[in-house]
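Working notes for the structure below.
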Amino acid sequence: MWDTISTNVNLILHINSSKVFDKCSKSDEKISFLLNQSLFYDKLCIFLLDASNMSNSDTVNFIHDYEILSKHYAEIISSAGEDLTRDGLIDTPMRAAKAFGYLTRGYHQDLATVANNAVFDSDNPELVLVQNIEFYSLCEHHLLPFYGVAHVGYLPDGKVLGLSKVARIIDMYARRLQIQENLTKQVASAIEELTGCRGVAVIMDACHMCMMMRGVGKQQSTTRTTSMLGEFTTNHDARREFLDAVPRRMPAFG
C-alpha cells in the first residue's frame, strides 16, 4: 500500500519522500486522513508535514521544484473560485511558489555555514546582549505569518560570536515552518553550541496572524516566549540583569 501511495504522491519524490515515511507511523491516523483526501491536498499536506517534522534539524536536503509548486498553487486559487486567466493572477502561482521557497529557505542552511567561523577569543565574562532583532516566520499550523523581535543574551566563557551571526541564526530557524516556542529554544541551543558559553537567554515577542486575522481575531495580542540555559537557570542576578535590560512588550499595533 505504501509503495502505491509513494508512487502517486509525485511531489514527495522531489523533496526526499523517504524522510516523511520514516518519521511517521504507517498506522498514524493523521497520515491516513491526509492520504484519503484529494491528490493535491495529500501532496501539499505531506510536503508541509515533512518540513515541519524537520524544523528541529540544522541541515535538511530540501529541494524546491517551483514548477510543481506553482501548479498546485494554481489549484488552490482555482478552488477559491478565482479565474486564473485574469491579468492579476496569470503569474501568481509561480510568484507564490517562489515566495514560499524564500520563506522556507532556512531548510537549505546549516549552523556551521551560517556562523562562518565567526567565533572569537574574548576575556570578557560579562553579559553580551543583542536585542530588538526583527524576525519573520510561518506558523506551522495555519501557514500564516508570525513576526516580532528577539532579544538574545549570553555569558561568554572565553569565546564570543560575531554580532551579525546572532541575527543570521535567528533568520535560519525562523525561515522554516515553526511554532514560536520551538524557535526560541532552537536559537538558544545554537548560541550555546557555537560559543560554549556559560549561559544563554532568549526572549521573543511576536504577533501571530493566525490569532489576529482569523480565529479569535485579537488585534492587540502579542506572545512572549523565553528560553534560559546554563547559568541563567541558576544565577538569579544574571537572569535579572538580562530581564531588566529587555524592552517591555508592546501591543501589536501601538
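Using N, Cα and C of the backbone, Cβ positions are placed for all residues, glycine too.
Heads up, TrEMBL stuff is auto-annotated, nobody curated it.
The structure displayed is predicted, hence computed values, not measured ones.
Over in TrEMBL, the protein carries these features:
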type    : residues               : note
BINDING : Cys139, His142, Cys210 : Zn(2+) binding site
DOMAIN  : 70-245                 : domain 'GTP cyclohydrolase I'
Cβ neighbour count (within 10 Å, all chains shown) around Cys210 (Zn(2+) binding site): 16
Cys210 (Zn(2+) binding site): secondary structure state under DSSP, collapsed to three categories: helix
Three-state secondary structure, Cys139 (Zn(2+) binding site) (per DSSP): strand
Chain-mates of Cys139, His142, Cys210 with C-beta within 8 Å of site centroid, Zn(2+): Leu138, Glu140, His141, Leu143, Leu144, Phe146, His208, Met209, Met211, Arg214
Overall pLDDT for the domain 'GTP cyclohydrolase I' (70-245), taken as the rounded mean: 96
